[in-house]
Amino acid sequence: MIHFTKMHGLGNDFMVVDGVTQNVYFSPEQIKRLADRNFGIGFDQLLLVEPPYDPDLDFHYRIFNADGSEVEQCGNGARCFARFVKSKGLINKQKIKVSTSSGKMTLRLERDGSVTVNMGIPVLEPSRIPFNAKKAEKTYLLQADMPEGMQTFLCGAVSMGNPHCVLEVDDVANADVERIGSLLTKHERFPKGVNVGFMQVVDANHIKLRVYERGAAETLACGSGACAAVAVGQLQGKLARRVRVDLPGGSLTINWEGEGKPLWMTGPAEHVYDGQIQQ
């Protein structure tokens with residue numbers, strides 16, 4: 001039997017598994033079955049806690065989408081990861097250092113129960129996002145063949161450990177997230193696919209955001225997407241250093257001191273239930 005915990009960060013939900021004290025392996029087919037909301041446990045991502053590869057770190061953090069693919073980053077998942085390892089007694093520190101497939105992260109458990117995550121320095125160089133463009137720009141033109149014909153979108157592109165494309169919209173509630181997101185997420189200029197954010201700027205300290213996630217469709221919240229949107233908005237001169245991001249599942253606070261500096265995200269992480277499955 002494998003023990004797991006169901007958690008969520010603003011409705012972005014996870015199956016979290018301790019791979020430190022348990023010997024676990026999940027095939028892509030198993031993950032797809034477990035992610036099914038009718039016949040499985042149901043989740044956006046599976047989070048796996050593994051022993052560190054570096055003695056200076058506490059854990060290795062792996063993320064698998066509902067379609068079974070492994071991805072580089074998940075900000076909401078990182079907050080749940082921190083709460084999980086502390087509550088399960090895997091660590092007794094407030095500050096936790098982890099590695100992911102895209103780098104290293106610092107997670108900090110706050111007194112009010114929220115978690116602050118150092119999401120790293122936003123990557124703007126196109127080849128490292130990866131995004132096919134000659135040079136880094138604040139705004140790119142992205143052409144897509146829509147059912148009604150060729151359409152051009154203005155977007156920002158950034159990596160937060162995973163690739164993001166951010167579009168500004170006038171009214172996020174009425175944005176065609178499913179249709180546009182499902183096309184742009186596989187756009188040829190993003191060789192590894194892309195998460196697509198739809199951002200409405202309320203004022204310099206407040207945005208509303210919906211995200212179509214690569215491999216998972218639209219979710220109630222996307223932490224790395226919130227960070228990407230704030231980075232793009234700030235680079236375009238529309239946002240301040242501290243921004244409240246309202247997502248369908250709730251709000252996050254993002255702090256960024258500007259280019260070349262790490263971006264910090266603070267938000268909740270909630271325990272739902274503990275369970276076990278047969279391997």
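Note that Cβ sites are derived from N, Cα and C of the backbone, with glycine treated the same way.
Annotated features in Swiss-Prot:
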type	residues	note
ACT_SITE	CYS74	active site, proton donor
ACT_SITE	CYS222	active site, proton acceptor
BINDING	ASN12, GLN45, ASN65, GLY75, ASN76, ASN162, ASN195, GLU213, ARG214, GLY223, SER224	substrate binding site
SITE	TYR273	site 'Important for dimerization'
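Features recorded in Swiss-Prot, as mapped to the structure shown.
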residue	record	contacts (Cβ under 8 Å, 6+ apart)
ASN12	substrate binding site	ASP44, GLN45, CYS74, ASN76, GLY77, THR219, LEU220, ALA221, CYS222, GLY223, GLY249
ASN65	substrate binding site	ASP44, GLN45, VAL71, GLU213, ARG214, GLY215, ALA216
ASN195	substrate binding site	ASN162, PRO163, HIS164, CYS165, THR185, VAL211, TYR212, GLU213, ARG214, CYS222, SER224, GLY225, ALA228
TYR273	site 'Important for dimerization'	THR5, LYS6
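In the structure as shown, the Cβ atom of SER224 (substrate binding site) sits within 10 Å of 32 other Cβ atoms.
Note: the substrate site is recorded as ASN12, GLN45, ASN65, GLY75, ASN76, ASN162, ASN195, GLU213, ARG214, GLY223, SER224; in the same chain, ASP44, ILE63, VAL71, GLN73, CYS74, GLY77, VAL211, ALA216, THR219, CYS222, GLY225 also have Cβ atoms within 8 Å of that site's Cβ centroid. DSSP gives SER224 (substrate binding site) a helix state. Overall, the recorded substrate-binding residues ASN12, GLN45, ASN65, GLY75, ASN76, ASN162, ASN195, GLU213, ARG214, GLY223, SER224 cover a maximum inter-Cα distance of 17 Å. For the active-site residues CYS74, CYS222, the largest tally of other C-beta atoms within 10 A is found at CYS222.
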